[in-house]
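Chemist: From Swiss-Prot, for reference:
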| type | residues | note |
| --- | --- | --- |
| BINDING | TYR37, TYR175, GLN179 | L-tyrosine binding site |
| MOTIF | 42-51 | motif ''HIGH' region' |
| MOTIF | 235-239 | motif ''KMSKS' region' |
| BINDING | LYS238 | ATP binding site |
| DOMAIN | 357-414 | domain 'S4 RNA-binding' |
Amino acid sequence: MASSNLIKQLQERGLVAQVTDEEALAERLAQGPIALYCGFDPTADSLHLGHLVPLLCLKRFQLAGHKPVALVGGATGLIGDPSFKAAERKLNTTETVNEWVDKIRKQVSPFLDFDCGSNSAIAANNYDWFGGMNVLTFLRDIGKHFSVNQMINKEAVKQRLNRDDSGISFTEFSYNLLQGFDFSELYNRHQVELQIGGSDQWGNITSGIDLTRRMHQQQVFGLTVPLITKADGTKFGKTEGGAVWLAPEKTSPYKFYQFWINTADADVYRFLKFFTFMDLAEINALEEEDKNSGKAPRAQYVLAEEVTGMVHGAEGLAAAKRITQSLFSGALHEMTEADFAQLAQDGMPTIKLDGDADLQQALVNAELVPSRGQARTMIGSNAVTINGEKQSNAEYNFSDADRLFGRYTLLRRGKKHYCLVDWQ
């Protein structure tokens, strides 16, 4: 991605929501590499899909020769960003936030290159400059540059100020000053000239630009990526079970892979532009091929492979594909013990059974049928499989061979109703 037309290329991918002084920024990028940053507040113990677009945007800039700074908000995470939030956030303890800071720093690291010469990435934590700052310094040196009149007119907090039931605390109201100072301080420490973030961060980003100009007499820039929406109007990055997380212990590689496989045709080519590094020509060719093939589109599989491989590595992708193929074909012999544990983690119905339970009892306990009588009927009509093999003996008792890894048995009724038995 050549620097001189990087903004144009990002726009072609639909990755620019707003940008300050686009012409001046394009000119600055054409002059040579810059340092830029994106902030990630530790509001949970993992990043989720909503963080992926700005994180990949940092990577896109690094690939074009620029220096990315990944800022984890050890201080701002203790305060809470009120931007477009309907109610006050619950304050987390310092211990919890510190623990989350470490986890998020580790999560961000694989996406960037920290050892590639002059544009090696930097990891920063804003607690480093706020942790020792006293309140007088904060109010005199930072607060004097902010107009309350302007702050209360920012869209991000306006709705909270107009609500009688919630309002906004001074704690959250001051968040804007903290994030604004981050930009100024990162300019001071690392000559950072550009901040990127989600479109909900526009108000905080412009505050940082104003403060850096006042404190350092320097023009700096801001760029936001769009809030990702789906064609059907529903929220992106959520499943029935909640958010899709980047941490494998919160959303397994298999479930993550399935999330992308289930992308609607109306969204998939747009998502390839947002979430992969494939060339636009390649994406357009794939769309054309899918349109003319007369078969199911290939794009969802390409998207699932690209993003799962990027987030979970080759091993995570291999496990996700192995589980997908095994469940589809019914042949479970290639699945590992860890694969079965992933299914249990993902919310596949799982029951614990004692060793003497028979098939009828297992089906009832698994809520695949309401009664033993119904179980007999289902088994007799060849509608039940054990580990992918049809079982038509209504009086069947499980054998050791049915307990894969001495522990797991996968039951299926019909084509789609699964339950994992975890033998005790």
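Cβ coordinates come from backbone N, Cα and C, glycine included.
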Chemist: Where does TYR175 (L-tyrosine binding site) sit in DSSP terms: helix, strand, or coil?
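Modeler: DSSP call for TYR175 (L-tyrosine binding site): helix.
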Chemist: What is the three-state DSSP composition of the domain 'S4 RNA-binding' (357-414), stated as helix, strand and coil residue counts?
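Modeler: Counting residues per DSSP class in the domain 'S4 RNA-binding' (357-414), I get 19 helix, 14 strand, 25 coil.
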Chemist: What average pLDDT does the predicted model assign to the motif ''HIGH' region' (42-51)?
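Modeler: On average, pLDDT over the motif ''HIGH' region' (42-51) sits at 94.
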Chemist: Cα of TYR175 (L-tyrosine binding site) to Cα of the residue listed as 'ATP binding site': how many Å, rounded?
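Modeler: Between the Cα atoms of TYR175 (L-tyrosine binding site) and the residue listed as 'ATP binding site', the distance comes to 27 Å.
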Chemist: How big is the Cα-to-Cα gap, in Å, between GLN179 (L-tyrosine binding site) and LYS238 (ATP binding site)?
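Modeler: Given the Cα positions, GLN179 (L-tyrosine binding site) is 27 Å from LYS238 (ATP binding site).
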Chemist: From the DSSP assignment alone, can you count helix, strand and coil residues within the motif ''KMSKS' region' (235-239)?
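Modeler: Split into helix, strand and coil, the motif ''KMSKS' region' (235-239) gives 0 helix, 3 strand, 2 coil.
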Chemist: To the nearest whole angstrom, state the Cα distance for the pair TYR37 (L-tyrosine binding site) and LYS238 (ATP binding site).
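Modeler: One finds 26 Å between the Cα atoms of these residues.
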Chemist: How many angstrom lie between the most widely spaced Cα atoms of the L-tyrosine binders TYR37, TYR175, GLN179?
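Modeler: Overall maximum Cα spacing for these binding residues reaches 18 Å.
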Chemist: Once the chains shown are all counted, how many other Cβ atoms turn up within 10 Å of the Cβ of TYR37 (L-tyrosine binding site)?
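Modeler: If we count other Cβ atoms within 10 Å of TYR37 (L-tyrosine binding site), we arrive at 24.
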Chemist: Restricting to the same chain and to sequence separations of six or more, state which residues have a Cβ under 8 Å from that of the residue listed as 'ATP binding site'.
Modeler: VAL244
Chemist: How do the residues of the motif ''HIGH' region' (42-51) split into helix, strand and coil according to DSSP?
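Modeler: Grouping H, G, I as helix and E, B as strand yields 3 helix, 1 strand, 6 coil.
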Chemist: Across all the protein chains here, work out how many other Cβ atoms are within 10 Å of the Cβ of TYR175 (L-tyrosine binding site).
Modeler: 23
